[in-house]
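Record features, source TrEMBL:
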| type | residues | note |
| --- | --- | --- |
| DOMAIN | 11-230 | domain 'HpcH/HpaI aldolase/citrate lyase' |
| BINDING | Arg72, Glu135 | substrate binding site |
| BINDING | Glu135, Asp162 | Mg(2+) binding site |
Amino acid sequence: MSHPNKKRLRRSMMFLNAQKPSLIKDPYLYGADSLMLDLEDAVAVTAKDTARFSLYQALKNVDYRGCERVVRINGLDTEYWKEDIRCCIAGGADVLRIPKTEDAKMVKAVEDAVLAAEREFERPEGSTLLMAALESAKGVMSAYEVCTSSERMIGIALSGGDYTKDLQTKITGTGVELMGARQQMIIAARAAGVQCFDTVWTDLDNLEGFRKEVMLIKDMGFDGKSIINPRQIPIVHEVFTPSMKEIIFSEKVIREIDSKRKEGIGVFTVDGKMIDIAFYDGAQRVIALAKASGVYKGEL
Ligand SMILES: CC(C)(COP(=O)(O)OP(=O)(O)OC[C@H]1O[C@@H](n2cnc3c(N)ncnc32)[C@H](O)[C@@H]1OP(=O)(O)O)[C@@H](O)C(=O)NCCC(=O)NCCSC(=O)C[C@@](O)(CC(=O)O)C(=O)O
Ligand SMILES: [Mg+2]
């Protein structure tokens, strides 16, 4: 099964509490690439049913204008997740985010329930995509197995709050406690050919610290970041969208590699930097990201 949206642009994935109808009504106005409507930890146990109902109404009746609708369902150790899935599929959610994923068996259980719901509500089979949040040491150790557990899988996301609790440490703001997990997850995701997303930044008023963290994870290779507030969107988009300088350099690299190849030359310089075929895919990726972000004006 190949789904056209498996690798779409997901620089920013913004959490919203499905318990608050006002929050899930028109949040597409903020311009995040994906909205994550949350039925899990942002929703109080006493409000699970009402949150699910308001989520269903929003999925059914709000025009999200191309903004991807991801729903974080409740964990598989709860009594809620199966009904969450039925409600998401009946409403037409694009992606389900599985929280606290520890192994491929959990993904398979969700996949079975999703398929049953697609049949029940006459949705095209395979139309609902999945992503998995890794929130424990065991989950991070299983990253590759989770990435390859389903054809529906778009990628994995680090969940720093629960993960650091499991590691018996805390979020420090420096990233030192998340270093190993981030490295392991990006390697696993790339080996499996899926996307990789970083965790939320909760120190809302410290936007400089947030920017540093976004720059770090972008350089590590991540595709985007889970976020919790609209103020975080412009920073993520600015960091993840290629600059004009990067675009122009990448164009030169692609054109020079194409032309030097015809002349039988394998290694040369562009703007004083050594270039060979190894740089081709990276330059193509910059152009593809610029196109997807709507900033490319060139002709490649
Ligand atoms: C933090 C705060 C209460 C602050 O509110 P404040 O009102 O003080 O914020 P302000 O900036 O003043 O808001 C200005 C205007 O934007 C509106 N506005 C704010 N946030 C908005 C939003 N998200 N979407 C649309 N609109 C929004 C607001 O309504 C206002 O609108 P208006 O009045 O019209 O001007 C709020 O942001 C919020 O609830 N965030 C989402 C929290 C959430 O869902 N957490 C669960 C997911 S994490 C987790 O579970 C941990 C994890 O699992 C993570 C992992 O898996 O990675 C792990 O383990 O680590
Ligand atoms: Mg969590």
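Backbone N, Cα and C atoms are what each Cβ position is placed from, and that goes for glycine too.
Automated prediction, rather than curation, is the source of TrEMBL annotations.
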Result for ligand 2 contact check over binding-site residues Arg72, Glu135, Asp162 with Cβ cutoff under 6 A is Glu135, Asp162
Given a 10 Å Cβ-Cβ cut-off, pick out the one of the binding-site residues Glu135, Asp162 that has the most other Cβ atoms nearby. Glu135
Residue pair Glu135 (substrate binding site), Asp162 (Mg(2+) binding site) - Cα distance, angstrom, rounded: 5
Secondary structure at Arg72 (substrate binding site), reduced by DSSP to three states: strand
What number of additional C-beta atoms lies within 10 angstroms of the C-beta atom of Arg72 (substrate binding site)? 29
Between Arg72 (substrate binding site) and Asp162 (Mg(2+) binding site), how many Å separate their Cα atoms? 15
